[in-house]
Amino acid sequence: MKTSMFLTLTGLVLLFVVCYASESEEKEFPKELLSSIFAADSDFKEEERGCFGYKCDYYKGCCSGYVCSPTWKWCVRPGPGRR
C-alpha cells in the first residue's frame, strides 16, 4: 500500500514537472531531456548512424543527406514535411 502510494505520488510530481516545463516560456527542459536521451558517444554515431542525432544549429550544419530539425536542433533524415 505504501509503495503504490509512493509511486502514484512520484508519477504525479513527474507529470507536474513535465507539464510546467512544456508550458514555460523557454521550453528548454524537454529539449535538453530528449537531447540527453538520444545523445550517444561520438564514435558510435559515426560508426553506426552517420550524423543522425548530432546537435546542429543555423551555423553548424549536418552531413549530406541530413537536415537540421528546427524544433529539436539535431540532425534528422529529410522526409515529408521537413525542410
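Any Cβ shown, glycine's included, is placed from N, Cα and C.
Under the heading signal peptide, Swiss-Prot lists 1-21, citing sequence analysis as support.
Residue environment of C51 (disulfide bond) contains 18 other Cβ atoms, counted within 10 Å of its Cβ in all protein chains. For the recorded site, C51 (disulfide bond), the DSSP three-state label reads coil. If you look up Swiss-Prot, you'll see C51-C63 (among others) marked as disulfide bond.
Here Swiss-Prot flags C56-C68 (among others) as disulfide bond. Mapped onto three states, the DSSP output places C68 (disulfide bond) in strand. Cβ environment of C68 (disulfide bond): C56, D57, Y58, G61, C62, W74, C75, V76 lie under 8 Å away, each six or more residues apart in the same chain.
Residues or ranges marked as disulfide bond by Swiss-Prot: C62-C75 (among others).
Just so you know, the Cβ of C75 (disulfide bond) picks up 23 other Cβ atoms within 10 Å once every protein chain is counted.
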